[in-house]
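Peer 1: A single structure is presented below for examination.
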Amino acid sequence: MKKVIYPGTFDPITNGHLDIITRAANMFDQIIIGVAASPSKKTLFSLEERVKLVEESTAHLSNVSTAGFSGLLVDFAREQEANVLVRGLRTTVDFEYEFGLTSMYRKLLPGVESVFLTPAEEYAFLSSTIVREVAIHGGDVEQFVPKCVYTAIKTKVAK
């Protein structure tokens, strides 16, 4: 059984993330969405909220599970007994960053492989950062996120 991890902060999960997850779910036996605590980032949603939103957004995918983690991704991968990391690439900037990370992952966890997927064209510009910024400033992000996330964002930014 090929078990892979798709890691990220997912603050919030977007339709671009969901596109990558859905396509990876068709390629691998089991996908674990690793939701990173990312304490150095100022997140809109808590780790627990992000895990819940990812779970709700992927509930229709039977071979996808979600787990929060803190610390190194390679340690999480080792704990989950996964040796493949799925990463999304939108631009050449993403590629350069991910290429560096991949080299580090291989040093820290020999045998780990990274698989890169590009999003569907309509999501190539989309990022959680953009969604957060637009939402915080009163913009409508409904078309960019799953319905449960849209509802959660509206509630969160109304406070």
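Even glycines carry a Cβ here, placed using N, Cα and C.
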Peer 1: For the ATP site that Swiss-Prot assigns to T9, F10, H17, G88, L89, R90, Y123, A124, F125, L126, S127, S128, T129, which of E81, E96, E98 is also named?
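Peer 2: Candidate listed by Swiss-Prot for the same site: E98.
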Peer 1: Select the most exposed residue of T9, S128, where exposure means the fewest other Cβ atoms within 10 Å, treating these as the binding-site residues.
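Peer 2: Checked T9, S128; of these binding-site residues, fewest Cβ neighbours within 10 Å: T9.
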Peer 1: So which one is it: of the binding-site residues L89, A124, which has the fewest other Cβ atoms within 10 Å?
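Peer 2: Taking L89, A124 as the binding-site residues, the minimal 10 Å Cβ count falls on A124.
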Peer 1: Could you tell me the C-alpha distance between L89 (ATP binding site) and L73 (substrate binding site) in angstrom, no decimals?
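Peer 2: A Cα-Cα distance of 18 Å.
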Peer 1: Which one is closest to H17 (ATP binding site) in space, judged by CA to CA distance, out of the binding-site residues K41, L73, R87?
Peer 2: R87
Peer 1: A 10 Å Cβ contact count, applied to the binding-site residues H17, K41, R87: which residue has the minimum?
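Peer 2: It is K41 that, of the binding-site residues H17, K41, R87, has the fewest other Cβ atoms within 10 Å.
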Peer 1: How big is the ATP site in terms of the longest C-alpha to C-alpha distance among T9, F10, H17, G88, L89, R90, E98, Y123, A124, F125, L126, S127, S128, T129, in angstrom?
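Peer 2: The span, Cα to Cα at its widest, is 18 Å.
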